[in-house]
Amino acid sequence: MEDQLTIFIISDSLGETAKAIAKACLSQFPGHDDWHFQRFSYINSQERLEQVFEEASQKTVFMMFSLVDVALASYAQKRCESEHYAYVDLLTNVIQGISRISGIDPLGEPGILRRLDNDYFKRVESIEFAVKYDDGRDPRGILQADLVIIGISRTSKTPLSMFLADKNIKVINIPLVPEVPVPKELRMIDSRRIIGLTNSVDHLNQVRKVRLKSLGLSSTANYASLERILEETRYAEEVMKNLGCPIINVSDKAIEETATIILEILKTNGQVAKNL
């Protein structure tokens, strides 16, 4: 037998959870750098377990296993006891305890936490995308986006982009301004990936005045004038009509309400369904 301690990490998924716990525990034993881990991932049958125990036969081993399959975990326990291996079952007692108290049966599916982690990183990627391409900073992002939101100023484009990015959707928003040509990329993508936003003239007049005031500017500036708002609104509606994209009037709608409408449109059109 080797004197060096080897910690066997046995999992029906990657084994990252068990390894993290093992590392936390070993930090309480400084000076034992010769102890090391050996990880066995995707152990989902008794045959695979037997291969692990065969490899353990010539080593000083401490077994740590995270197996959501109750029968497989029970088999691993019995094998450890019959071979006199020290072991700890990381999941069974906790899962059974929660199930007993809550009255809810566990899913029994390995790798769920890892899938949740993947979802988290996808969400972060989508949020970073929305920030990078906010307010039409780089129209080339249109070709990479799951969704393109277009509209004139103060139609909730940015907050909607961020809200939808949190749903794992890569969103770019493009401001429509009469003096600025429409990005050519808008005509290179499926119009079902584009959502146009409009607002009532009166509401736009009010929110733009508030915006000007917050910037320390006069509320009588052209930006908030009814004539300018009407000009922009007509221009935007013409662009949206030519593109053939769905149009949503966001007047008196909360961000969440508009986002729900957008998600339903995307689902109906079969767009970015993988993210929803």
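All residue numbers here begin at 1 and follow the chain in the order shown.
Backbone N, Cα and C atoms are what each Cβ position is placed from, and that goes for glycine too.
Quick caveat, the model's predicted, so the values are computed rather than measured.
Pulled from Swiss-Prot, these are the features on record:
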type	residues	note
BINDING	G151, I152, S153, R154, T155, S156, K157, T158	ADP binding site
Tell me the Cβ contacts of R154 (ADP binding site) under 8 Å, same chain only and six or more apart in sequence, or just say none.
N199, L204, V207, R208, R211
Spatial neighbours, same chain, of T155 (ADP binding site) - Cβ under 8 Å, 6+ residues apart:
L197, T198, N199, L204, V250
Mapped DSSP class for T158 (ADP binding site), helix or strand or coil:
helix
List every residue in the same chain as T158 (ADP binding site), at least 6 positions away in sequence, whose Cβ is under 8 Å from its Cβ.
D134, D135, N173
Shell of the ADP site beyond G151, I152, S153, R154, T155, S156, K157, T158, same chain only (C-beta within 8 angstroms of their C-beta centre):
N173, P175, L197, N199
Enumerate same-chain residues with a sequence separation of six or more from I152 (ADP binding site) and a Cβ-Cβ distance below 8 A; give 'none' if the list is empty.
P175, L176, V177, T198, N199, L204, I229, E232, T233, Y235, A236
Hey, does DSSP put G151 (ADP binding site) in a helix, a strand, or just coil?
strand
Quick check on the binding-site residues: of S153, S156, whose CB has the lowest count of neighbouring CB atoms inside 10 Å?
S153
